[in-house]
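Participant: Provided herewith is a single structure, encoded as structure tokens, for subsequent inquiry.
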């Protein structure tokens, strides 16, 4: 299981590189990576475990964030009443289509790899379709909207060497299209 000390911080070269594709069948090392990234998310979202291990809660974790230049990310988006909106390890993910409609989180975005607060709207597509492989190597395609779509775009950005604050308008950080969806 990963702890906060294992999270690669902003400034590390691996966070700005394009991650390498993952080959199948998965190596034991890649299986462990997938397991450990998802385990971090599960434990970080459990209040008691989070406190015990001094973790920052997360909804996504990409391999570059643990120092691995591999195109793999774990996503665990909780909903209301312990419902899970989306839980998957995405391997070699690609956004194959996106909506014209924009969206942003009202509170802005954060990142386990970025310790400072960076205020501003991170403007993203409100709806996306992604293709990826699961841990068994099966090719999948899924359509996501709102918060799960934003989380997946954030994680896929990590695999392309992009950090959330790269999307914030430097001159006017809270400027956004008036038709954009603001997710609270």
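Yeah, the Cβs are placed from backbone N, Cα and C, and that goes for glycine too.
Among the features that Swiss-Prot reports, Fe cation binding site is placed at 111, 154, 158. According to Swiss-Prot, the active site annotation covers 155.
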Participant: Name them in sequence order: residues not among 111, 154, 158 whose Cβ is within 8 Å of the mean position of the Cβ atoms defining the Fe cation site.
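Facilitator: Counting only non-site residues, the set is 60, 62, 65, 109, 112, 113, 155, 157, 163, 164.
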Participant: Show which residues of the chain containing residue 155 (active site), separated from it by at least 6 in sequence, have their CB under 8 Å from its CB.
Facilitator: 60, 61, 62, 73, 75, 90, 93
Participant: Across all the protein chains here, work out how many other Cβ atoms are within 10 Å of the Cβ of residue 158 (Fe cation binding site).
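Facilitator: Step by step: centre on the Cβ of residue 158 (Fe cation binding site), count other Cβ atoms within 10 Å, giving 24.
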